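Single-structure report; data block below.
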Amino acid sequence: LNGSTFLYFAYGSNLLKERLQLKNPSATVYCVAKLKDYKLVFGNHKGLASQRWRGGVTTIEHSPGDEVWGVVWRMNMSDLESLDRQENVKMGTYSPVEVNVSASRQDLSCRTYIMNSCVYAPPSPQYLQVRSPKCTVRIMQLVINDMCNS
């Protein structure tokens, strides 16, 4: 990678290409990877459900022995501000963090986002429609392709 691109590890609704590319047109699938010692949880920032989702959305939290599978996207630096805006970084909803993920052939340093002040909540029906089944099927296809090409 060069200074004009970065890697972004997506684990929630941004697994869906159509959603991510809507405001971040440079995003292309780089690989499937897993984040060790984290788990996926559903919740709301400070317990307040967003108007869009009306229920819990995904975040990750440190959890030794667990893992989160996701997609690593390669993106132009020009989309970084848009991605931060999408994750409500300035409003304090999510914080960007650098994580090391394991792909089939290498470990990668990626940007991802962790919700601040998360209060656990059941996933919203709208969010689950975005995440599955299409998204789940697609990530499974990517995992299989990644395994077959290693």
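Cβ coordinates are placed from backbone N, Cα and C, and glycine is handled just like the others.
For reference, TrEMBL has these:
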- Tyr8, Phe9, Ala10, Tyr11, Gly12, Ser13, Tyr127: substrate binding site (BINDING)
- Glu87: active site, proton acceptor (ACT_SITE)
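On the structure: features taken from TrEMBL.
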residue : record                       : contacts (Cβ under 8 Å, 6+ apart)
Tyr8    : substrate binding site       : Asn14, Ala27, Val72, Trp73, Arg74, Met75, Leu83, Cys110, Arg111, Thr112
Phe9    : substrate binding site       : Ala33, Leu35, Gly70, Val71, Val72, Val99, Val101, Cys110, Arg111, Thr112
Ala10   : substrate binding site       : Leu20, Gly70, Val71, Val72, Trp73, Thr112
Tyr11   : substrate binding site       : Leu35, Leu40, Thr58, Ile60, Val68, Trp69, Gly70, Thr112
Glu87   : active site, proton acceptor : Thr93, Tyr94, Pro96, Tyr113
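In the three-state DSSP scheme, Ser13 (substrate binding site) falls into the helix class.
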